[in-house]
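Visitor: Just lifted these from Swiss-Prot, have a look:
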type	residues	note
BINDING	Gly11, Ala12, Gly13, Lys14, Thr15, Thr16, Arg116	ATP binding site
BINDING	Thr15	Mg(2+) binding site
BINDING	Asp33, Arg57, Gly78, Arg134	substrate binding site
Amino acid sequence: MKSIYITGYMGAGKTTIGKALSKELHMDVVDTDQKIEEKQGKVIRDIFAEEGEMAFREYESEMLCSLPVDNVIITTGGGIVEREENRKWMKENGTVVYLYCDPHVIAERLREDTTRPLFQKKDIDAFVTKFESRRAYYEEAHIHIDTTNKSVKQIMNELKEKINE
């Protein structure tokens, strides 16, 4: 089976659904952000602060292309879709899943999360604007799942059905 790439905005459920899908399909799951942190020896927040977003996006593209393209679930960072080369790579090397969640619901989920470098608690409008700027890229995915106010079980049932179509 080709790789399954899980995309979506921060807080949409990529990591949670990736882990659940991994158990269900008996496939390994790899998180691009975690792999970048391991390779760079620092957390993403520090990469953004010390090297900037452009450096992080370069690490992200390099990491994406270094991962297996068969029998693995890859959970991605929310901004991986910003680079056309990344979108092309994922579409050519696997099935791309877009987890959509209403950005206002995400903002509520992330209100107290200090590990998200692009989430500004005080500026929900900027958060929604960033989401909307990426939306067309996310929608290039093969499979779309709306996770808004759904349980993991509901999302998994819908995702399994669409993967098997």
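Glycine is treated like the rest: Cβ placed from N, Cα and C.
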Visitor: Neighbour count, 10 Å Cβ-Cβ cut-off, for Ala12 (ATP binding site): what number do you get?
Guide: 27
Visitor: What binding-site residues among Ala12, Thr15, Thr16 are found with a C-alpha within 10 angstroms of that of Gly78 (substrate binding site)?
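Guide: Hits: Ala12.
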Visitor: If you draw a 10 Å sphere on the Cβ of Gly13 (ATP binding site), how many other Cβ atoms land inside?
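Guide: The answer is 23.
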Visitor: If you measure Gly11 (ATP binding site) to Asp33 (substrate binding site) at Cα, how many Å is it?
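Guide: Between the Cα atoms of Gly11 (ATP binding site) and Asp33 (substrate binding site), the distance comes to 14 Å.
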Visitor: Could you check which of the binding-site residues Asp33, Arg57, Arg134 is the closest Cα neighbour of Gly13 (ATP binding site)?
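Guide: Result: the closest of the binding-site residues to Gly13 (ATP binding site) is Asp33.
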Visitor: What does DSSP assign Thr16 (ATP binding site), in three states?
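Guide: Its secondary structure by DSSP: helix.
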Visitor: Have a look around Thr16 (ATP binding site) and count the other CB atoms within 10 A of its CB, chains all included.
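Guide: That number is 16.
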Visitor: Ala12 (ATP binding site) to Arg134 (substrate binding site): how many Å between their Cα atoms?
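Guide: Spelling it out, the Cα of Ala12 (ATP binding site) and the Cα of Arg134 (substrate binding site) are 13 Å apart.
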Visitor: Please state how far apart, in Å and to a whole number, the two most distant Cα atoms are among Asp33, Arg57, Gly78, Arg134, the recorded substrate-binding residues.
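Guide: Across Asp33, Arg57, Gly78, Arg134, the widest Cα separation comes out at 18 Å.
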Visitor: Counting Cβ atoms within 10 Å across all protein chains shown, which of the binding-site residues Lys14, Arg57, Arg134 comes out on top?
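Guide: Neighbour-count leader: Lys14.
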Visitor: Whole-number answer please: how many Å between the C-alpha atoms of Arg57 (substrate binding site) and Thr15 (ATP binding site)?
Guide: 19
Visitor: Just to verify a number: CA distance, Asp33 (substrate binding site) to Thr15 (ATP binding site), in angstrom, no decimals.
Guide: 10
Visitor: Do me a favour and check the Cα-Cα span between Thr15 (ATP binding site) and Arg134 (substrate binding site); whole Å is fine.
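Guide: Cα of Thr15 (ATP binding site) to Cα of Arg134 (substrate binding site) measures 19 Å after rounding.
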Visitor: Tell me the Cα distance separating Arg134 (substrate binding site) from Lys14 (ATP binding site), rounded to the nearest angstrom.
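Guide: Per the Cα atoms, Lys14 (ATP binding site) and Arg134 (substrate binding site) stand 16 Å apart.
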